[in-house]
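K.L.:
First, the structure itself, so that you have it in front of you.
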């Protein structure tokens, strides 16, 4: 509680200071390259199975952009080092430097088409670009804010070209909808230029935070030619829907004492970028579900139950205690759909850690068995994660390699000095020598990930639980509105009988209430029962 209160006071102080600085010392916008956001559609669905297509856009994060002196082409930042003549301190740097528009395909390897977004790993133009991080936008100056309590989030993904050491991550963070522009008048770039990022690691590698540069105390990275760390970090709650390559995957909630964006200082930030990992106000570890780590070593991967050699659908459900969007988050469930078949998440096989979803009971038992610090509970657990989901979060789609731990925490044995037979150590089949960024960048420059077919709606509305079509079993009709398309999902219960994992009851449910043999209708809450 003390940490939470302290963070809130720091946050309010930062707001006041930013306002006092005025527009004379501002994070500027360049004029050399027009910023044109690639279009990407996604769908919002209703309980009846009707889905409306939204014409969204994506924007690349400010950290990837060219930063140059206002009025000419002199770099403010080259490689992993600031020009201290232009940038002697945070405020002066923000006043002197501008973020430039992006050429998405040729510079960053980002291509969008319809409901699909492809992110290439290495792209070489005038400079070599590694990976990318993009946000879904509502319009050209505002991020789309997703509120997922009592909802499910569904998307298709192709990870077939992601080897060991890479992470195609799709997740949510509690950024400000305008990128912090209204809170911090010195931020003149805003969401249009991808500002305002934060996550549960309280990253200190950001070049700009709260409308100021992060040059003070900046230390160039010893193993990343493009990055470094400054005195400040940017914290907020994070819901990792999907962190994956073709070998391993995990989904992980990360709560914070204050759900929204808060600036931190030095090692008090905690997380990956600080000497005291658990010294901050966020949970850097989260409560993860990695099927391999939970004991099922044949569930996810090439040729396995979820076959990563081809595209599949990922369904994540955020279930509340009362079945409403104002309830308390009590469970995060996961399903997959591939080749017309609904695949439930694998069960944990460890004695004492049961289930195939994230609950408070699962997290407590898992942390105990794996001998991990229960920082998840300390920072609010599922209730804390639910607070962030309730206020709205920004969708992030990214591809990255790991200069801190070579992604071994996702796809190999970690820590590498521990025995692979120790509970929680083995996370995938990748060798402990794999994932070194220099090696991955040299050997797999053609790696890529594709995200597509994003749908959001009430539990059971975004995919066909009867299992006839991995895309949701929908038929499409065009409405008279020029910017929307309405689709209607096929009946998840078939001909009067709900199939495995289909809805079979709940307040307001008018579909089938009988389950196909041998399944029975089990009540999850007053509003949703499911064939299990």
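The backbone N, Cα and C atoms fix where each Cβ goes, glycine too.
Quick paste of what Swiss-Prot says about this protein:
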COMPBIAS  475-490  compositional bias 'Low complexity'
DISULFID  504-521  disulfide bond
DISULFID  515-531  disulfide bond
DOMAIN    496-532  domain 'CBM1'
REGION    27-461  region 'Catalytic'
REGION    462-496  region 'Thr-rich linker'
REGION    462-495  region 'Disordered'
K.L.:
Measuring Cα to Cα, how many Å separate residue 504 (disulfide bond) from residue 531 (disulfide bond)?
P.N.:
6
K.L.:
How big is the Cα-to-Cα gap, in Å, between residue 521 (disulfide bond) and residue 531 (disulfide bond)?
P.N.:
5
K.L.:
Where does residue 515 (disulfide bond) sit in the DSSP three-state scheme?
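P.N.:
Looking at the DSSP assignment, residue 515 (disulfide bond) belongs to a strand.
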K.L.:
Could you tell me the mean pLDDT over the region 'Thr-rich linker' (462-496), as a whole number?
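P.N.:
Per the prediction, mean pLDDT sits at 43 for the region 'Thr-rich linker' (462-496).
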K.L.:
Around the Cβ of residue 515 (disulfide bond), how many other Cβ atoms lie within 10 Å? Please give the count over every shown protein chain.
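P.N.:
I count 23 other Cβ atoms within 10 Å of it.
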K.L.:
Which number gives the other C-beta atoms within 10 angstroms of the C-beta of residue 504 (disulfide bond), all protein chains shown included?
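P.N.:
Step by step: centre on the Cβ of residue 504 (disulfide bond), count other Cβ atoms within 10 Å, giving 28.
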K.L.:
A 10 Å Cβ contact count, applied to the disulfide-bonded residues 521, 531: which residue has the minimum?
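P.N.:
Counting other Cβ atoms within 10 Å of each of the disulfide-bonded residues 521, 531, the minimum falls on 521.
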